Amino acid sequence: MALKVLLEQEKTFFTLLVLLGYLSCKVTCESGDCRQQEFRDRSGNCVPCNQCGPGMELSKECGFGYGEDAQCVTCRLHRFKEDWGFQKCKPCLDCAVVNRFQKANCSATSDAICGDCLPGFYRKTKLVGFQDMECVPCGDPPPPYEPHCASKVNLVKIASTASSPRDTALAAVICSALATVLLALLILCVIYCKRQFMEKKPSWSLRSQDIQYNGSELSCFDRPQLHEYAHRACCQCRRDSVQTCGPVRLLPSMCCEEACSPNPATLGCGVHSAASLQARNAGPAGEMVPTFFGSLTQSICGEFSDAWPLMQNPMGGDNISFCDSYPELTGEDIHSLNPELESSTSLDSNSSQDLVGGAVPVQSHSENFTAATDLSRYNNTLVESASTQDALTMRSQLDQESGAVIHPATQTSLQVRQRLGSL
């Protein structure tokens, strides 16, 4: 059984080989018998290809058994054919490419005819004596042996085409937009830089105004820092204290009057500083003084501030006008113009010196408090006697509330002050 199967497979394979050989032989015989310009017709015979006349060519390739249906057609554009034959049409010569004049145009039956070289070009001569078809530029300087390069060519300048109005308008719009954007950016940068500069810049003017107008609000312990300012600034302090300061701000204004006084070193503040309290406590009597008297100073200043509006002169504008009229006067000049002020000051100072050894700090506070009151009453020389009595009554009530004991020497000082008020 196996042998029979192998025999049948061999027969099938051999049959296929014979069939393939026959087909290949048939194809070879059909195409191989015809020559280059021959094609095989329907009967299987090789027939020569058709020849076309001038200006015509076959529509398809013909030869080696192919091109049975090829026909003659006219040459395509820019091509020509001068003779009969099997060849195809050739491309025409372009005289502009070779830099030469064109004498005749190209046609289907003839090629284009080129003339001499264009101005500024010449034809090179080969070694064998023939000239090239293409003309080359003369160059600078031109070769002397070429006649075509001897004369220069007059070139005509062609005017450039003017731009259209639409392009001009578009360019103007673009430039305007760019300029606007740049200007806006510049303005924003300036504003930003100015804000940054103002935020970082210290406000010296505001600080000076705060020192000038708010100086009366400082406590008496801070007044030594303000002695460096001039007499004119002190007058400004007195001028504005009545208008801008409330009842609480009127008590420290004595410090401003102290700066305006003829001799600031001798008068002092109505309430002593911490340094003066320590100096007095160093004496024999200071050893027995309780430590809470330091806080009593602030309470006296606070209680006296409530009563200070009652002691103000309703006609205090005269003193302000005096400062305004003579702002250039120094402390010594004002001292010389007011001899009564010297006597008042000397009386108060003598009375205070007599009480340094034997009086307690509470009595010294009342004494200095009386001296400051006398100074303010002298500056207001037109105070009526009724207002003086009211102020004295108010001061005595304040002293009683604070627990202070009025010393007999203090009463003497009060009598001196009453005499000055009656003047």
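Every residue, even glycine, has its Cβ placed from backbone N, Cα and C.
Listed in Swiss-Prot:
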DISULFID  C34-C46  disulfide bond
DISULFID  C49-C62  disulfide bond
DISULFID  C52-C72  disulfide bond
DISULFID  C75-C89  disulfide bond
DISULFID  C92-C106  disulfide bond
DISULFID  C95-C114  disulfide bond
DISULFID  C117-C135  disulfide bond
DISULFID  C138-C149  disulfide bond
REPEAT    33-72  repeat 'TNFR-Cys 1'
REPEAT    74-114  repeat 'TNFR-Cys 2'
REPEAT    116-149  repeat 'TNFR-Cys 3'
SIGNAL    1-29  signal peptide
TOPO_DOM  30-170  topological domain 'Extracellular'
TOPO_DOM  192-423  topological domain 'Cytoplasmic'
TRANSMEM  171-191  transmembrane segment
Fill in: Cβ contacts under 8 Å made by the repeat 'TNFR-Cys 3' (116-149) with residues that lie 6+ beyond its boundaries
97-101
Fill in: Packing count at C114 (disulfide bond) (other Cβ atoms within 10 Å of its Cβ)
21
Worksheet item: When DSSP states are folded down to helix, strand and coil, where does C117 (disulfide bond) land?
Response: strand
Response to the item:
Counting every protein chain shown, other Cβ atoms within 10 Å of the Cβ of C117 (disulfide bond) number 22
Worksheet entry | Distant-in-sequence Cβ neighbours of C149 (disulfide bond), under 8 Å, six or more positions away | G120, Y122, C138, G139, P142, P143
Fill in: Alpha-carbon spacing, C62 (disulfide bond) to C114 (disulfide bond), which is rounded to whole Å
34
Worksheet item: Hey, which bits of the same chain come close to the repeat 'TNFR-Cys 2' (74-114), Cβ under 8 Å, at least six residues off its ends?
Response: 37, 49, 51-58, 62, 121, 133-137
Practice prompt. Any same-chain residues 6+ apart from C89 (disulfide bond) with CB under 8 Å of its CB? Would you list them in sequence order, or say none?
Written response: G55, M56, E57, C75, R76, R79, F80, K81, A108
Worksheet, complete the sentence: Whole-Å Cα distance, C95 (disulfide bond) to C117 (disulfide bond), is 9
Worksheet entry | Secondary structure composition of the repeat 'TNFR-Cys 1' (33-72) [DSSP: H/G/I, E/B, coil] | 0 helix, 14 strand, 26 coil
Response to the item:
Close in space but at least six residues away in sequence, with Cβ under 8 Å from that of C106 (disulfide bond), the same-chain residues are H78, F80, C92, L93, A112
Worksheet item: C52 (disulfide bond) to C34 (disulfide bond): how many Å between their Cα atoms?
Response: 20
Worksheet entry | Cα-nearest neighbour of C117 (disulfide bond) within the listed disulfide-bonded residues, C46, C49, C72 | C72
